[in-house]
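Contents: one structure, followed by commentary.
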Amino acid sequence: MLTYKISPSSISGSVDVPPSKSHTLRAIFWASLSRGTSTINNPLESPDSEAMIQACKQLGAKIYKKSSSLEITGTPHLRLPKDIAIDAGSSGIVFRFFTALAAIFSEKVTITGSSQLQRRPIAPLIRALENFGATFSYQRDPYTLPFSVLGPISSGYTEVLGEDSQYASALAMACSLAEGPFSFTIINPKERPWFKLTLWWLEQLAIPYSQSEENTYSFVGKSRPEGFSYTVGGDFSSAAFLAVAALLSQSPHPTYLRNLNMQDVQGDKELFVLLKKLGANIVFENDIVIIFPSTISGGNIDMDPFIDALPILAVLCCFATSPSHLYNARGAKDKESDRIVAITEELQKMGACIQPCHDGLLINPSPLYGASMFSHNDHRIAMALSIAAMHASGDSSISDTECVKKTFPNFIQILNSLHANIQEYHEPISMWTTGSGQDLIGSCPC
């Protein structure tokens, strides 16, 4: 089991932000379904990327890895071999996208994945696909992996719950490829910027769609994009961890985050706008974001535009000058972990004054102290706790941190290059007791 040992430290310097996971996975997906050959430059190398590559190879795509790019020749015909099984690994995007894609075929497709994926919701997407004519059969409980999908879906209208943007994104991709026309309405849409990112990809690939009402979208269907060339920019979600470390730094020098384009459609870029409103001294200069150590105020923060930033914002708010309420974050409960519970449990171990509420977190500023913590097998929890530990009094340890490779494989190396003091070591796997949180949650010391 990989464990971090973290001593108090501050960062400054200049680094390249790792490539965007969301763009990388969408680029691989669409290149594999395009006519001709596509080139993806600077893709993120991660377990999720590998899961997408292996799934697309099963469609018939030819994918060649080069030193800093992928060359992908799309499958010439949208057909599948019999009894195909797609392993989504631990990737929510591969899980949702291939569930929807499988529904356009007349061959049965089995979807499998890790035990972590088995707790992640899929029912709203399945119900929408069933309304289009797909059928599902389950090896265990309904709406849980593994299950089989049998299409093809046929033209019509449906509704899909918008509590997770990936449902609508997956449905939009299936409706673009299947024989249509199709239309659907997103009910109570959340995480809007991430669905907009999916629509941006459709626009770049000249795949037609229309929006008739605020949340209703229509698709002609039977679209096949042409091969393309795309360079993946930096991941604003990953950059958030470096940004908070830079804001809390005691160094007199700024931190330069390269490879961040503020014109990118990634949802989490709005987090940097929020940080400025809270008092952060941030300068945007071409594709570089310059972050100076700053004093941050708390406040009422709507998390919906950047839901993945909840753990690291919770850490930042512990060091703010006033209380904070992170709200509209119900979706954070259904990520790799229940992030509302997970970040509360672990920060309370450090002495944080933090409590969950019905859709988010209440946080009063408080000093943090070194502690032994657990990642909950969630990359964003592990990275957020790492930044918290850098600014705590005393040393800390975080166990089960292999999950960080999901989005930020060189996270520790980059932090240490900026003068952090973090060591990695392997310890024997043991039965780690995480508890239910009942002994901690609600015991806020303030």
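Placed from the backbone N, Cα and C atoms, the Cβ positions cover glycine too.
Cross-referencing Lys190, Lys405, Lys406 with the phosphoenolpyruvate binding residues that Swiss-Prot gives (Lys21, Gly92, Arg120, Gln166, Arg339, Arg380) picks out Lys406. Neighbour count (other Cβ atoms within 10 Å of the Cβ, all protein chains): 22 for Lys335 (3-phosphoshikimate binding site).
Taking the Cα of Ser22 (3-phosphoshikimate binding site) as the reference point, the closest of the binding-site residues Arg120, Gln166, Arg339 is Gln166. With all protein chains in the displayed structure included, the most crowded Cβ environment within 10 Å among the binding-site residues Lys21, Arg26, Arg380, Lys406 is that of Arg380.
Classification of Lys335 (3-phosphoshikimate binding site) by DSSP places it in coil, neither helical nor stranded.
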